[in-house]
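Read through the structure below, which is laid out as structure tokens, and then see the notes.
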Amino acid sequence: MKTLLLTLVVVTIMCLDLGYTTKCYKTGERIISETCPPGQDLCYMKTWCDVFCGSRGRVVELGCTATCPTVKPHEQITCCSTDNCNPHPKMKQR
């Protein structure tokens, strides 16, 4: 009986989310939604123009951050704090 109770306690602890973690979209080879590392509770979207801006549009970078990045000249940055609040501008909203 003690073994059964101990097993149930262990399974319950493993299934619980013991700390809230933010999920953000991240760019890489493809756009994915990932859980942010501890301490990075904000999502961001940074856009800027490169040499192909006229034909391809602005470059978009998505990810997690602890603090909203400092804006450099010719960049636009938005930060938010809810799950997947930083979708790529070309993604369809659900």
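Every residue, even glycine, has its Cβ placed from backbone N, Cα and C.
The model shown is predicted, which means the values in this text are computed figures rather than measured ones.
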Looking at Swiss-Prot, which one of C79, C80 makes a disulfide with C68? C79
Which one, C36, C85, is listed by Swiss-Prot as the other cysteine in the disulfide with C64? C36
Which candidate, C15, C43, does Swiss-Prot give as the disulfide partner of C24? C43
Candidate in C53, C85 joined to C80 through a disulfide, as Swiss-Prot lists it: C85
With C49 as one half of a disulfide in Swiss-Prot, pick the other half from C15, C53. C53
